[in-house]
Amino acid sequence: MNLPDFGVGTFRLQGRTVIDSVRNALELGYRAIDTAQIYANEAEVGQAIVASGVPRDELFITTKIWVDKYAQNKLIPSLKDSLAKLHIDRVDLTLIHWPAPCNGVSLEEYMAALAEAKAQGLTRQIGVSNFNIALTRQAIEVVGKEAIATNQIELSPYLQNSNLVEFLQSQGIRVTSYMTLAYGKVLKDPVIGEIARKHQATSAQVVLAWALCLGYAVIPSSTKRENLASNLLARNLRLDNEDMVRIAALERNGREVSPDGLAPAWD
Ligand SMILES: NC(=O)c1ccc[n+]([C@@H]2O[C@H](COP(=O)([O-])OP(=O)(O)OC[C@H]3O[C@@H](n4cnc5c(N)ncnc54)[C@H](OP(=O)(O)O)[C@@H]3O)[C@@H](O)[C@H]2O)c1
């Protein structure tokens, strides 16, 4: 299965909250779920998947390797732990979560270990997250551009990442936008609000439709069933050229996430 355009995120969601969120999402028709080892919720995501009864081959499950598991002798065992928690025998996509330039493991080592995980059938596809252009180039040198399914990056109307996006698209690497809603911040934007009124849509639908229109995959999260339901309807919203131009003008390098020691020098 190719990378789905629309999935549900699970960052920050724990225990009952994540179980309910994933259950609601699956009931509403979501089929892609984004988790990560560091979210400490893979077991609950797995529990919700099993309880849903949705056939495994309809689902697209992504996890991400945490930075303390990048060494060649740790990455594959950690992914096997993730599979056990998720109650599946392979994930659809495994990402390197952050480049973590100071964690003592070279990019060559962890990208080779990730490719080996794919060769062993533990993951259908592999990719990266939070990589800048230079690091994506290095990853391409190790595994080849065809092997990198996506670079999952923070991308919202306030942080459009145009240089990195242009590079990824030139390489045929799919862009996944995380925090497309800037964790709710862009929903208060007056321009987004005007466009939403014009289309009788919600602000979240406008922002998600904007990202989809640009060809990005999105993985918005929500603890509320009604938000999960209405977000999914963004797939039916068609923005016009004027809307797209107005949203493009909202760029303000508004980065929300840049952890010391993990983040690269951003483009
Ligand atoms: N690769 C990485 O390093 C990385 C980093 C961050 C995130 N991610 C992934 O990306 C996913 C999305 O990012 P995110 O969860 O941080 O932020 P987000 O999707 O931009 O925003 C989620 C927030 O928006 C609210 N929201 C969602 N739909 C809404 C709606 N229709 N109306 C009003 N509010 C709405 C949610 O509140 P309610 O719960 O109240 O609806 C929640 O507070 C994560 O869950 C995670 O899977 C990856």
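Cβ coordinates come from backbone N, Cα and C, glycine included.
In TrEMBL this protein carries:
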- 8-250: domain 'NADP-dependent oxidoreductase' (DOMAIN)
- TYR39: active site, proton donor (ACT_SITE)
- LYS64: site 'Lowers pKa of active site Tyr' (SITE)
- HIS97: substrate binding site (BINDING)
**Where TYR39 (active site, proton donor) falls in three-state DSSP terms** = helix
**Alpha-carbon distance [the residue listed as 'substrate binding site'; LYS64 (site 'Lowers pKa of active site Tyr')] in Å** = 5
**Request:** Report, as a single number, how many Cβ atoms besides its own are within 10 Å of the Cβ of TYR39 (active site, proton donor).
**Result:** 21
**Surrounding CB atoms that lie within 10 Å of the CB of LYS64 (site 'Lowers pKa of active site Tyr'), all protein chains** = 24
**Complete:** Within 10 A of the CB of HIS97 (substrate binding site), the number of other CB atoms across every chain shown is 22
**Prompt:** Rounded to the nearest angstrom, how far is the Cα of TYR39 (active site, proton donor) from the Cα of the residue listed as 'substrate binding site'?
**Reply:** 11
